[in-house]
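Single-structure report; data block below.
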Amino acid sequence: MKYTKLNFMLSVLGIVIYITDLIVDIWVSVRFFYEGQNVFGILTVSFMLFGTLVVQCFSYSWFKADLKKAGQESQCCFLLLHCLQGGVFTRYWFALKNGYNVAFKNSSKTDNFMEEQIDSHKEVIDRMTDLSMLRLFETYLEGCPQLVLQLYTFLELGQANFSQYAAILVSCCAISWSTVAYQVALRKSLPDKNLLNGFCPKFTYLFYKLFTLLSWKLSIVLLLFLDVKIALFLLLFLWFLGILWAFKKQTQFCASISMEFLYRVVVGFILIFTFFNIKGQNTKCPMFCYYIVRVLATVGILVVFWVSPVSIFNSDYFMSISITIALTLVLGIIFLIVYYGTFHPNRNEETKPDEIDGKITQRDCRMKYFLME
């Protein structure tokens, strides 16, 4: 298990996407306020704050846990950095700094230093895994609602400016990248898991997530046009069901009760948009039920729109959107079946439970020391 030069370049690409996504979101919110669309501007800022505040909470709790394990007290500068929303950037700085040293400067060491090299590679991989999970949280807490909002404003106004096109494109890239990057990083950080190797498995997993997410988000947008109250009630109801599912599975991700409660709330929110395996158990039946409900809900929304005289936007839009929803849903299910039937790393291990999408509770699987030079 090595942290290679390619891994380092992909990590750099990850922070580029992260910064670009942040800049575009700020750009879009400023433009909304400038054009007098205050409601959309407030919603954009609210989604940004919600996502980043949750991420900073998890990041700081991990800093404290790592420092405590290292026998050191939590330092005020770490708390200040997270209050200033700099936790993720701090993690990227140290992860990339150590990653560069491991990938480029230690690559020529001899076998006598192999054990030290393995330890340093593992430390960097663990740091990048923590970062990828934080990015995954932020993507679904902030990126998914943002994408729904941008699609809604685009269809409501009948046109979009360059900033909205950029926001939609960057959001899609961020969601796709963070989802696949975390799946790859998680498996690489856990020695008892098979790696997700090759382009075909990664791209199949990417398209499965991307198409199912796009179909559902467009369905939510249509429901918002039909009735905002109904749409919000449905989303809140699904969020509540997701939280109940997390409590029923009795997740044990965090050391403290309060952070565990927050984690279950986050899991419930993610389950609104995509399936998330929160326990190391076989998930064939829950996943089957999840996507059956997803298909029925999507078809129901389309049927309601077809039979209801809704003239909110051009009918040509509705025809193309309906086709897009149906096509992406079918393609997403096809890629799902192909991935789990052909490319899933555990497909030949029938008695072994699926991997946990959330990190397992063994603390040794995360790095032992944060920010220790």
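Just so it is clear, glycine is given a Cβ too, placed from its N, Cα and C backbone atoms.
A quick note: this is a predicted structure, and the numbers were derived from the prediction, not measured.
According to TrEMBL, the transmembrane segment annotation covers 12-34, 40-63, 165-185, 205-225, 230-247, 253-276, 288-307, 319-342.
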Stretch of maximal Cβ-Cβ contact with the transmembrane segment (205-225) [cut-off: under 8 Å; candidates 40-63, 165-185, 319-342]: 319-342
Stretch among 12-34, 40-63, 230-247, 319-342 sharing the most Cβ pairs under 8 Å with the transmembrane segment (165-185): 12-34
